[in-house]
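Structure first, then comments.
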Amino acid sequence: MRVGVLGAKGKVGSTMVAAVQAAEDLTLSAEVDAGDPLSLLTDGGTEAVIDFTHPDVVMGNLEFLVRNGIHAVVGTTGFTAERLAQVREWLADSPGTSVLVAPNFAIGAVLSMHFAKQAARFFDSAEVIELHHPHKADAPSGTATRTAKLIAEARKGLPPNPDATSTSLPGARGADVDGIPVHAVRLAGLVAHQEILFGTEGETLSIRHDSLDRTSFVPGVLLAVRRIREHPGLTVGLEPLLDLG
């Protein structure tokens with residue numbers, strides 16, 4: 001398969017360029033970065049693209065890719081329900097084209113979200129702490145937002161988190177994502193980390209994942225690239241490719 005990389009000179013993008021070059025069954029067709037024309041992808045006969053760019057440009061990238069029948073594996077964050085609806089609308093006019101958008105491609109991170117969803121209904125309280133390098137554009141992270149939504153979905157019909165806080169500084173209790181507090185830390189020296197905390201009477205449970213290097217995203221991204229054609233339309237999250245349900 002001929003694979004292009006968008007955001008090829010970024011920290012994650014350059015890691016993906018090296019990964020595609022090292023894969024015997026993949027051919028690097030184009031390296032595209034800020035200021036480069038997207039036509040480099042079509043000129044190179046690109047069949048699938050890995051996009052690790054920026055929330056400000058990713059939608060324009062996807063519109064171009066879908067209209068040209070190029071499959072997309074997207075690790076760029078900032079996808080709202082409205083943005084996903086727009087991608088579905090584009091895909092409706094391009095049957096057979098596939099887009100996979102995932103907040104995290106580290107297998108361990110995907111598993112931690114799955115474990116959190118399973119655990120959520122057994123505990124009274126749940127909170128999420130995500131920790132990233134200070135250059136990250138969005139807060140909270142897409143992974144933390146999705147984790148909180150999965151927990152909230154699993155807890156439907158249960159009482160809300162017990163919390164007697166009546167006075168606090170703005171933001172002290174984190175962002176509210178469907179009733180789940182999410183706290184974002186930005187600190188030099190970090191890459192990508194998340195801890196999910198559960199509590200009930202007499203016990204707590206912590207589920208933590210640490211990406212210590214950006215190479216942690218490679219296995220998940222390459223899995224998505226190799227299987228993207230099996231999932232026409234829009235897929236959100238890596239879970240369907242891991243048969244997690």
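Placement of Cβ uses the backbone N, Cα and C atoms for every residue, glycine included.
If you take the C-beta of His132 (active site, proton donor/acceptor) and look for same-chain residues 6 or more apart in sequence within under 8 angstroms, you find Ser141, Ala184, Val185, Arg186, Leu187, Leu190, Val191, Ala192, His193. According to Swiss-Prot, the feature active site, proton donor/acceptor maps to His132, an assignment based on sequence analysis.
The number of other CB atoms found within 10 A of the CB of Lys136 (active site, proton donor), across every protein chain shown, is 16. Secondary structure at Lys136 (active site, proton donor), as computed by DSSP, is coil. The active site, proton donor annotation in Swiss-Prot covers Lys136 and rests on sequence analysis.
Reduced to three states, the DSSP call for Lys11 (NAD(+) binding site) is helix. Taken from Swiss-Prot, the feature NAD(+) binding site covers Gly7, Ala8, Lys9, Gly10, Lys11, Val12, Asp33, Gly75, Thr76, Thr77, Ala102, Pro103, Asn104, Phe105, and the record attributes it to sequence analysis.
Classification of Thr143 ((S)-2,3,4,5-tetrahydrodipicolinate binding site) by DSSP places it within a helix. Neighbour count (other Cβ atoms within 10 Å of the Cβ, all protein chains): 26 for Thr143 ((S)-2,3,4,5-tetrahydrodipicolinate binding site). Taken from Swiss-Prot, the feature (S)-2,3,4,5-tetrahydrodipicolinate binding site covers His133, Gly142, Thr143.
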Nearest-integer angstrom distance between the alpha carbons (Cα) of Gly142 ((S)-2,3,4,5-tetrahydrodipicolinate binding site) and Ala102 (NAD(+) binding site): 8
Sparsest Cβ surroundings (other CB atoms within 10 Å) among the binding-site residues Thr76, Asn104: Thr76
Candidate binding-site residues Asp33, Thr76, Ala102, pick with smallest Cα gap to His133 ((S)-2,3,4,5-tetrahydrodipicolinate binding site): Thr76
Spatial neighbours of Lys9 (NAD(+) binding site) that are distant in sequence (at least 6 apart) but have CB under 8 A: Glu31, Asp33, Ala34
Binding-site residues listed as Gly7, Gly142, least Cβ neighbours within 10 Å: Gly142
